[in-house]
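Per Swiss-Prot, the features are as follows:
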BINDING   10, 11, 12, 13, 53, 57, 161, 167, 170  ATP binding site
REGION    18-23  region 'Involved in allosteric activation by GTP'
BINDING   52, 73, 134, 135, 136, 137, 138, 139, 140, 141  UMP binding site
C-alpha cells in the first residue's frame, strides 16, 4: 500500500481578494476548495495556512505610529482567523471535513491548536486550517507555515501565490529576470530572492523541508506538484 503524502499549503491573504485588493472573493474561495478537494480525492492529507493581508497587515497598521507593532500583529492574527473561517465554509460546502485550529484560544469560533489533535484530524482525512499565525507578534504567516509543517511532519510546503515561482529579480521591473526552477535554502535567503522571510527559510533548512512556490491559479497545479511534476514552479531544497 502506497504511503499517504501530507502537505501544507500556504495561501496569501491578498490572493483571496482577487482583483478587488481587499476582502474575500467568493469565486477564489470556490477555486481553492476545488483544488483542495482534488488532493483529498487522491488520498493526500492537507493542512492550510492563510495570510491576512487582504484585511490588514501588522507592519502596515503600525506604520503611522498610532498603533504599536505588537497590536498591529495581533490585528493581523485576527484577520487570518476571518480568512480561515471563510476557507472552512468553502471546503465544507464542497463536501470536505474541515477543522480550524487557532494559535490563540477562541473556542466560540474554532479549536485551539494542539499538534497531536491536528495530526489525528489529518489521519482521518480532514483538512486542518491553521489560524492566528504562531500566536506571537513579529512572526510572519510564512514562518507559521513552516513551523506547522514541521510539527505535523508534512512532506513539503507549497506556497501558492499569484506568480509561477521564483525569479532572480522582480520580473515586473526587469525584463531580463531569470526564472529559477530549483534553488538552495542559502540562495533563497539572498536579498534579491523573495521566497519567504529568512526565519521561515532557516527553519525549513534545519528540518530539510522542501518549499515549492507555484501559481495558485493554475488549475490542477497542486496535485501535479505533489505527484512529482515541478516543471511549472520553483522548489527550494538541499543541493
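Counting begins at 1 with the first residue displayed.
The backbone N, Cα and C atoms fix where each Cβ goes, and this holds for glycine too.
This view paints the features noted in Swiss-Prot onto the structure.
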residue : record           : DSSP class
10      : ATP binding site : strand
52      : UMP binding site : coil
134     : UMP binding site : coil
140     : UMP binding site : coil
161     : ATP binding site : strand
170     : ATP binding site : coil
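On its own chain, residue 134 (UMP binding site) has 103, 143, 144, 147 as residues at least 6 apart in sequence with a Cβ closer than 8 Å to its own Cβ.
Of the recorded residues, residue 140 (UMP binding site) and residue 161 (ATP binding site) place their C-alpha atoms 15 Å from one another. Figure note: comparing Cβ neighbours within 10 Å for the binding-site residues 52, 53, the maximum is reached by 52. Put simply, the two farthest-apart Cα atoms among 10, 11, 12, 13, 53, 57, 161, 167, 170, the recorded binders of ATP, are 25 Å from each other. Surrounding the centroid of the Cβ atoms of 52, 73, 134, 135, 136, 137, 138, 139, 140, 141, where the record places UMP, the chain contributes additional residues within 8 Å, namely 58, 76, 77, 133, 143, 144.
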